[in-house]
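Novice: Below you will find the structure I want to go over with you.
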Amino acid sequence: MLDNLGFAFEFGWTDVLLIAFSVFVLYKWFMKAKNPPLPPPEKSLPAMTKRDMTVEELLEYDGKKNERILLALCGTIFDVTRGKAYYGPYGPYGKLAGHDATRSLATMDVNNVRDEYDSLKDLKEEEMNEAREWYTSFTEKYPTVGRLLGPGEEPKDYGDEHASL
């Protein structure tokens, strides 16, 4: 009787392929049930029209009062909205949003932001070099919106030009 059992456990290539395909289908089916679908991608904002701003105007773009997130660095305003995970209200650099971030990034202290114009004259040369390195990085990643205006400075007319890298 045991001699007749041998043929019942013989597998051909067809059997192996059928088992492998069944395992694959079951795996995909169970994995699909475990992983919920990804949320739809966030809508992106249209490019911002270029403009110069005072510190007071910049404060409006902190990601709370306005969807768009801007910050200034070395006198240049950047649209960092695409870096919302970092510069948004709950991001590690969220305190920089809507502010001149030069002093904070130069001193590596995110709490070192001011709500008024900062001349930066008291920063050391190595701190300014650190800020310039950040500036170089930002110019490669984020669109330039305009200039941060100091007291008495007049805004430039950019026409209908949009912020760009």
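The first residue you see is number 1, and the count goes up from there.
Just so you know, glycine gets a Cβ as well, placed from its N, Cα and C.
Remember, predicted model here, so these are calculated numbers, not experimental data.
These came from TrEMBL, pasted as-is:
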TRANSMEM  12-30  transmembrane segment
DOMAIN    53-149  domain 'Cytochrome b5 heme-binding'
REGION    145-165  region 'Disordered'
COMPBIAS  153-165  compositional bias 'Basic and acidic residues'
Novice: Could you give me the DSSP helix, strand and coil counts for the compositional bias 'Basic and acidic residues' (153-165)?
Specialist: 0 helix, 2 strand, 11 coil
Novice: For the domain 'Cytochrome b5 heme-binding' (53-149), report the average pLDDT of the model, please.
Specialist: 95
Novice: So, by DSSP, how many helix, strand and coil residues make up the domain 'Cytochrome b5 heme-binding' (53-149)?
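Specialist: Residue counts in helix, strand and coil order: 37 helix, 17 strand, 43 coil.
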